Amino acid sequence: MIEADRLISAGATIAEEVADRAIRPKLLAEYVGQPQVRSQMEIFIQAAKLRGDALDHLLIFGPPGLGKTTLANIVANEMGVNLRTTSGPVLEKAGDLAAMLTNLEPHDVLFIDEIHRLSPVVEEVLYPAMEDYQLDIMIGEGPAARSIKIDLPPFTLIGATTRAGSLTSPLRDRFGIVQRLEFYQVPDLQHIVGRSARHMGLEMSDDGALEVARRARGTPRIANRLLRRVRDFAEVKHDGAISAEIAAQALDMLNVDAEGFDYMDRKLLLAVIDKFFGGPVGLDNLAAAIGEERETIEDVLEPYLIQQGFLQRTPRGRMATVRAWNHFGITPPEMP
(Lines of atoms letter the chains of each structure in order from A; the text may use other names.)
(Lines give C-alpha, C1' and ligand atoms only; values in the text may rest on other atoms or scores of the structure.)
Protein backbone atom coordinates (compact mmCIF):
# COMPACT_ATOMS: atom_id res chain seq x y z
CA MET A 1 0.00 0.00 0.00
CA ILE A 2 1.25 3.46 -0.88
CA GLU A 3 0.39 6.20 1.64
CA ALA A 4 -0.32 8.76 -1.11
CA ASP A 5 -3.08 6.49 -2.48
CA ARG A 6 -5.18 6.88 0.68
CA LEU A 7 -7.90 9.52 0.70
CA ILE A 8 -6.96 10.37 4.27
CA SER A 9 -3.23 10.69 3.54
CA ALA A 10 -1.74 13.91 4.94
CA GLY A 11 0.65 14.18 2.00
CA ALA A 12 -0.17 16.53 -0.88
CA THR A 13 -0.27 15.87 -4.60
CA ILE A 14 1.01 18.54 -6.99
CA ALA A 15 -2.57 19.25 -8.11
CA GLU A 16 -3.66 19.74 -4.50
CA GLU A 17 -0.78 22.11 -3.79
CA VAL A 18 -1.87 24.26 -6.72
CA ALA A 19 -5.54 24.18 -5.68
CA ASP A 20 -4.74 24.92 -2.03
CA ARG A 21 -2.80 28.08 -2.88
CA ALA A 22 -6.04 29.82 -3.81
CA ILE A 23 -7.70 29.10 -0.46
CA ARG A 24 -4.75 29.57 1.89
CA PRO A 25 -4.96 32.42 4.41
CA LYS A 26 -2.60 35.26 3.53
CA LEU A 27 -2.34 37.05 6.91
CA LEU A 28 -2.32 36.11 10.59
CA ALA A 29 -5.77 37.67 11.00
CA GLU A 30 -7.12 35.02 8.60
CA TYR A 31 -5.16 32.15 10.20
CA VAL A 32 -7.38 29.69 12.05
CA GLY A 33 -6.22 27.38 14.84
CA GLN A 34 -2.80 27.04 16.49
CA PRO A 35 -3.64 29.91 18.93
CA GLN A 36 -0.31 29.82 20.76
CA VAL A 37 1.70 29.86 17.53
CA ARG A 38 -0.45 32.65 16.11
CA SER A 39 -0.18 34.91 19.18
CA GLN A 40 3.58 34.37 19.50
CA MET A 41 4.27 34.99 15.81
CA GLU A 42 2.19 38.16 15.90
CA ILE A 43 4.46 39.57 18.63
CA PHE A 44 7.71 38.40 16.99
CA ILE A 45 6.73 39.90 13.63
CA GLN A 46 5.59 43.23 15.10
CA ALA A 47 8.80 43.51 17.15
CA ALA A 48 11.00 42.82 14.11
CA LYS A 49 9.12 45.43 12.07
CA LEU A 50 9.39 48.03 14.86
CA ARG A 51 13.16 47.51 15.02
CA GLY A 52 13.51 47.41 11.25
CA ASP A 53 15.20 44.00 11.50
CA ALA A 54 14.78 40.73 9.70
CA LEU A 55 12.71 38.23 11.68
CA ASP A 56 14.80 35.65 13.55
CA HIS A 57 15.25 32.33 11.77
CA LEU A 58 12.18 30.16 12.28
CA LEU A 59 11.85 26.37 12.50
CA ILE A 60 8.35 24.94 12.04
CA PHE A 61 7.80 21.26 12.76
CA GLY A 62 4.89 18.88 13.16
CA PRO A 63 2.93 16.22 11.26
CA PRO A 64 2.31 16.73 7.52
CA GLY A 65 -0.69 18.71 6.30
CA LEU A 66 -0.95 21.15 9.22
CA GLY A 67 0.08 24.30 7.34
CA LYS A 68 3.84 24.77 7.65
CA THR A 69 4.06 26.21 4.12
CA THR A 70 1.00 28.36 4.78
CA LEU A 71 2.63 29.84 7.89
CA ALA A 72 5.82 30.60 5.95
CA ASN A 73 3.78 32.49 3.34
CA ILE A 74 1.97 34.42 6.07
CA VAL A 75 5.27 35.45 7.70
CA ALA A 76 6.57 36.82 4.39
CA ASN A 77 3.29 38.68 3.74
CA GLU A 78 3.20 40.16 7.25
CA MET A 79 6.83 41.29 6.95
CA GLY A 80 6.15 42.73 3.48
CA VAL A 81 9.04 40.85 1.88
CA ASN A 82 9.65 38.29 -0.84
CA LEU A 83 9.41 34.55 -0.21
CA ARG A 84 11.86 32.22 -1.93
CA THR A 85 10.88 28.57 -1.70
CA THR A 86 12.92 25.39 -2.06
CA SER A 87 13.31 22.02 -0.34
CA GLY A 88 16.08 19.98 1.23
CA PRO A 89 16.28 17.31 -1.51
CA VAL A 90 16.49 19.96 -4.26
CA LEU A 91 19.58 21.61 -2.75
CA GLU A 92 22.05 18.93 -3.83
CA LYS A 93 25.21 21.07 -4.00
CA ALA A 94 26.56 23.99 -2.00
CA GLY A 95 26.33 26.10 -5.15
CA ASP A 96 22.56 25.54 -5.32
CA LEU A 97 22.12 27.14 -1.91
CA ALA A 98 24.69 29.87 -2.62
CA ALA A 99 22.75 30.91 -5.73
CA MET A 100 19.55 31.34 -3.72
CA LEU A 101 21.23 33.20 -0.86
CA THR A 102 23.01 35.71 -3.10
CA ASN A 103 19.72 36.60 -4.82
CA LEU A 104 17.93 37.54 -1.60
CA GLU A 105 16.90 41.13 -0.90
CA PRO A 106 17.21 42.58 2.62
CA HIS A 107 14.80 40.89 5.09
CA ASP A 108 13.58 38.37 2.48
CA VAL A 109 12.37 34.96 3.63
CA LEU A 110 14.03 31.78 2.37
CA PHE A 111 11.75 28.79 3.00
CA ILE A 112 13.33 25.33 2.97
CA ASP A 113 10.79 22.51 3.19
CA GLU A 114 11.99 19.10 4.40
CA ILE A 115 15.03 20.81 5.86
CA HIS A 116 16.00 17.59 7.64
CA ARG A 117 16.98 16.20 4.22
CA LEU A 118 19.74 18.75 3.56
CA SER A 119 23.08 17.17 2.71
CA PRO A 120 25.96 17.78 5.17
CA VAL A 121 27.84 19.80 2.51
CA VAL A 122 24.92 22.18 2.01
CA GLU A 123 24.32 22.42 5.75
CA GLU A 124 27.90 23.57 6.31
CA VAL A 125 27.29 26.50 3.94
CA LEU A 126 24.13 27.40 5.82
CA TYR A 127 25.78 27.83 9.25
CA PRO A 128 27.71 31.10 8.60
CA ALA A 129 24.86 32.37 6.42
CA MET A 130 22.40 32.01 9.31
CA GLU A 131 24.75 33.19 12.03
CA ASP A 132 26.79 35.97 10.43
CA TYR A 133 24.97 36.67 7.14
CA GLN A 134 28.11 35.56 5.32
CA LEU A 135 28.76 33.03 2.60
CA ASP A 136 32.03 31.10 2.60
CA ILE A 137 32.89 29.90 -0.90
CA MET A 138 35.89 27.82 -1.95
CA ILE A 139 37.56 28.98 -5.16
CA GLY A 140 39.74 26.52 -7.03
CA GLU A 141 40.79 23.01 -6.09
CA GLY A 142 43.64 21.27 -4.31
CA PRO A 143 46.53 23.24 -2.74
CA ALA A 144 45.59 26.36 -4.69
CA ALA A 145 42.05 26.44 -3.30
CA ARG A 146 41.14 29.47 -1.22
CA SER A 147 38.10 30.64 0.67
CA ILE A 148 36.37 33.94 0.03
CA LYS A 149 33.63 35.53 2.10
CA ILE A 150 30.58 37.18 0.57
CA ASP A 151 28.37 39.40 2.71
CA LEU A 152 24.67 38.61 2.55
CA PRO A 153 21.76 40.92 3.35
CA PRO A 154 19.94 40.16 6.62
CA PHE A 155 17.35 37.49 5.83
CA THR A 156 15.04 35.04 7.56
CA LEU A 157 15.42 31.31 7.04
CA ILE A 158 12.24 29.33 7.67
CA GLY A 159 12.82 25.60 7.87
CA ALA A 160 9.94 23.12 7.87
CA THR A 161 10.16 19.48 8.85
CA THR A 162 8.03 16.55 9.94
CA ARG A 163 11.09 15.07 11.66
CA ALA A 164 12.61 17.59 14.03
CA GLY A 165 14.59 14.82 15.70
CA SER A 166 16.47 14.22 12.45
CA LEU A 167 17.96 17.73 12.45
CA THR A 168 21.58 18.05 13.51
CA SER A 169 22.17 19.99 16.74
CA PRO A 170 24.27 22.73 15.05
CA LEU A 171 21.45 23.46 12.61
CA ARG A 172 18.66 23.30 15.17
CA ASP A 173 20.54 25.60 17.55
CA ARG A 174 20.73 28.36 14.93
CA PHE A 175 16.96 28.90 14.85
CA GLY A 176 15.90 31.73 17.14
CA ILE A 177 12.21 30.77 16.97
CA VAL A 178 10.89 27.20 17.07
CA GLN A 179 7.19 26.48 16.58
CA ARG A 180 5.43 23.12 16.75
CA LEU A 181 2.12 22.74 14.91
CA GLU A 182 -0.43 20.48 16.62
CA PHE A 183 -3.40 18.60 15.18
CA TYR A 184 -6.39 20.94 14.83
CA GLN A 185 -9.48 20.89 17.00
CA VAL A 186 -12.78 20.09 15.27
CA PRO A 187 -14.26 23.64 15.66
CA ASP A 188 -11.17 25.13 13.99
CA LEU A 189 -11.36 22.59 11.17
CA GLN A 190 -15.05 23.38 10.76
CA HIS A 191 -14.12 27.04 10.30
CA ILE A 192 -11.45 26.09 7.74
CA VAL A 193 -13.87 23.87 5.79
CA GLY A 194 -16.50 26.62 5.75
CA ARG A 195 -13.94 29.17 4.55
CA SER A 196 -12.72 26.82 1.81
CA ALA A 197 -16.29 26.14 0.72
CA ARG A 198 -16.94 29.87 0.34
CA HIS A 199 -13.75 30.29 -1.71
CA MET A 200 -14.90 27.43 -3.94
CA GLY A 201 -18.35 28.98 -4.36
CA LEU A 202 -20.14 26.11 -2.62
CA GLU A 203 -23.40 26.22 -0.71
CA MET A 204 -22.61 24.45 2.56
CA SER A 205 -24.34 24.44 5.93
CA ASP A 206 -22.46 24.77 9.21
CA ASP A 207 -23.47 21.20 10.05
CA GLY A 208 -22.12 20.03 6.70
CA ALA A 209 -18.77 21.66 7.44
CA LEU A 210 -18.81 20.07 10.90
CA GLU A 211 -19.36 16.60 9.43
CA VAL A 212 -16.35 16.97 7.14
CA ALA A 213 -14.24 18.41 9.97
CA ARG A 214 -15.01 15.49 12.29
CA ARG A 215 -13.59 13.01 9.78
CA ALA A 216 -10.51 15.01 8.75
CA ARG A 217 -8.10 13.56 11.34
CA GLY A 218 -7.22 16.98 12.73
CA THR A 219 -5.54 17.97 9.46
CA PRO A 220 -6.56 20.91 7.22
CA ARG A 221 -5.10 19.31 4.09
CA ILE A 222 -7.28 16.23 4.59
CA ALA A 223 -10.29 18.43 5.36
CA ASN A 224 -9.91 20.30 2.07
CA ARG A 225 -9.45 17.04 0.14
CA LEU A 226 -12.58 15.53 1.69
CA LEU A 227 -14.47 18.75 0.92
CA ARG A 228 -13.63 18.42 -2.79
CA ARG A 229 -14.87 14.83 -2.88
CA VAL A 230 -18.05 15.75 -0.98
CA ARG A 231 -18.58 18.55 -3.52
CA ASP A 232 -18.39 16.00 -6.36
CA PHE A 233 -20.96 13.79 -4.64
CA ALA A 234 -23.31 16.70 -3.95
CA GLU A 235 -23.15 17.94 -7.54
CA VAL A 236 -23.84 14.53 -9.07
CA LYS A 237 -26.30 13.02 -6.59
CA HIS A 238 -28.02 16.19 -5.37
CA ASP A 239 -28.35 19.86 -6.30
CA GLY A 240 -24.82 20.80 -5.18
CA ALA A 241 -25.79 22.07 -1.72
CA ILE A 242 -23.93 20.30 1.09
CA SER A 243 -25.77 19.47 4.31
CA ALA A 244 -24.61 17.24 7.15
CA GLU A 245 -26.64 14.36 5.73
CA ILE A 246 -25.14 14.71 2.24
CA ALA A 247 -21.61 15.06 3.64
CA ALA A 248 -22.11 11.92 5.73
CA GLN A 249 -23.45 9.99 2.73
CA ALA A 250 -20.50 11.05 0.60
CA LEU A 251 -17.88 10.18 3.20
CA ASP A 252 -19.53 6.86 4.02
CA MET A 253 -19.42 6.03 0.31
CA LEU A 254 -15.71 6.92 0.34
CA ASN A 255 -15.15 4.56 3.30
CA VAL A 256 -14.14 7.36 5.69
CA ASP A 257 -15.95 6.72 8.96
CA ALA A 258 -16.91 9.01 11.84
CA GLU A 259 -13.40 8.80 13.36
CA GLY A 260 -11.70 9.54 10.05
CA PHE A 261 -10.63 5.90 9.65
CA ASP A 262 -10.43 4.34 6.21
CA TYR A 263 -10.58 0.68 5.17
CA MET A 264 -6.96 -0.03 6.17
CA ASP A 265 -7.33 1.52 9.64
CA ARG A 266 -10.39 -0.61 10.32
CA LYS A 267 -8.75 -3.71 8.84
CA LEU A 268 -5.80 -3.38 11.21
CA LEU A 269 -7.92 -2.80 14.31
CA LEU A 270 -10.31 -5.65 13.46
CA ALA A 271 -7.38 -7.99 12.88
CA VAL A 272 -6.09 -7.27 16.38
CA ILE A 273 -9.58 -7.71 17.85
CA ASP A 274 -10.90 -10.69 15.85
CA LYS A 275 -7.79 -12.70 15.02
CA PHE A 276 -5.74 -12.04 18.13
CA PHE A 277 -8.49 -11.45 20.72
CA GLY A 278 -7.43 -7.84 21.21
CA GLY A 279 -3.73 -8.61 21.51
CA PRO A 280 -0.96 -8.44 22.35
CA VAL A 281 0.21 -9.42 18.87
CA GLY A 282 3.69 -9.12 17.41
CA LEU A 283 4.31 -6.82 14.47
CA ASP A 284 5.31 -9.63 12.09
CA ASN A 285 2.16 -11.62 12.86
CA LEU A 286 0.00 -8.53 12.43
CA ALA A 287 1.67 -7.70 9.10
CA ALA A 288 1.01 -11.23 7.84
CA ALA A 289 -2.61 -11.10 9.03
CA ILE A 290 -3.47 -7.95 7.05
CA GLY A 291 -1.10 -8.50 4.11
CA GLU A 292 1.01 -5.39 4.63
CA GLU A 293 4.70 -4.70 5.21
CA ARG A 294 5.70 -4.12 8.83
CA GLU A 295 7.17 -0.74 7.80
CA THR A 296 3.77 0.30 6.43
CA ILE A 297 2.13 -0.56 9.73
CA GLU A 298 4.76 1.28 11.79
CA ASP A 299 5.11 4.39 9.62
CA VAL A 300 1.67 4.80 7.99
CA LEU A 301 -1.13 3.02 9.83
CA GLU A 302 -0.18 2.95 13.51
CA PRO A 303 0.73 6.56 14.39
CA TYR A 304 -2.77 8.04 14.13
CA LEU A 305 -4.42 5.03 15.80
CA ILE A 306 -2.01 5.31 18.72
CA GLN A 307 -2.37 9.10 18.97
CA GLN A 308 -6.16 8.77 19.14
CA GLY A 309 -6.08 6.02 21.76
CA PHE A 310 -7.29 3.07 19.66
CA LEU A 311 -4.07 1.06 19.67
CA GLN A 312 -1.28 0.51 22.16
CA ARG A 313 2.32 -0.53 21.68
CA THR A 314 3.48 -2.71 24.55
CA PRO A 315 6.67 -4.75 25.12
CA ARG A 316 4.65 -7.86 24.23
CA GLY A 317 3.07 -6.45 21.07
CA ARG A 318 0.14 -4.38 19.81
CA MET A 319 -3.11 -4.26 21.76
CA ALA A 320 -6.54 -2.85 20.90
CA THR A 321 -7.84 -0.43 23.53
CA VAL A 322 -11.36 -0.42 24.96
CA ARG A 323 -12.04 2.53 22.68
CA ALA A 324 -11.24 0.37 19.64
CA TRP A 325 -13.63 -2.39 20.75
CA ASN A 326 -16.37 0.19 21.35
CA HIS A 327 -15.79 1.76 17.92
CA PHE A 328 -16.93 -1.48 16.29
CA GLY A 329 -19.73 -2.10 18.78
CA ILE A 330 -17.97 -5.16 20.20
CA THR A 331 -17.93 -5.82 23.93
CA PRO A 332 -14.33 -5.96 25.16
CA PRO A 333 -13.29 -8.94 27.27
CA GLU A 334 -13.10 -8.43 31.01
CA MET A 335 -9.57 -7.69 32.14
CA PRO A 336 -8.17 -10.23 34.65
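The backbone N, Cα and C atoms fix where each Cβ goes, glycine too.
Small disclaimer: the values here were computed from a predicted structure and weren't measured.
Under the heading region 'Large ATPase domain (RuvB-L)', Swiss-Prot lists 4-184. The feature ATP binding site is assigned by Swiss-Prot to Ile23, Arg24, Gly65, Lys68, Thr69, Thr70, Glu131, Asp132, Tyr133, Arg174, Tyr184, Arg221. Feature annotation from Swiss-Prot assigns Mg(2+) binding site to Thr69. What Swiss-Prot lists as region 'Small ATPAse domain (RuvB-S)' is 185-255, and the listing cites sequence analysis. Feature annotation from Swiss-Prot assigns region 'Head domain (RuvB-H)' to 258-336. Under the heading DNA binding site, Swiss-Prot lists Arg294, Arg313, Arg318.
Taking CA atoms as the reference points, Arg313 (DNA binding site) and Tyr184 (ATP binding site) are 24 Å apart. Break the region 'Head domain (RuvB-H)' (258-336) down by DSSP state and the numbers are 41 helix, 9 strand, 29 coil. In the predicted model, residues of the region 'Small ATPAse domain (RuvB-S)' (185-255) average a pLDDT of 94. Cα spacing between Gly65 (ATP binding site) and Arg318 (DNA binding site): 27 Å, rounded to the nearest whole number. Applying DSSP to the region 'Small ATPAse domain (RuvB-S)' (185-255) sorts its residues as follows: 51 helix, 2 strand, 18 coil. Ile23 (ATP binding site) and Arg318 (DNA binding site) have their C-alpha atoms 40 Å apart, to the nearest angstrom.
Thr69 (ATP binding site) sits 31 Å from Arg294 (DNA binding site), taking the C-alpha atoms as the reference points. Cβ atoms within 8 Å of the centroid of the Cβ atoms of Arg294, Arg313, Arg318 (the DNA site) belong to the same-chain residues Val281, Gly282, Leu283, Leu286, Ile297, Glu298, Glu302, Gly317, site residues excluded.
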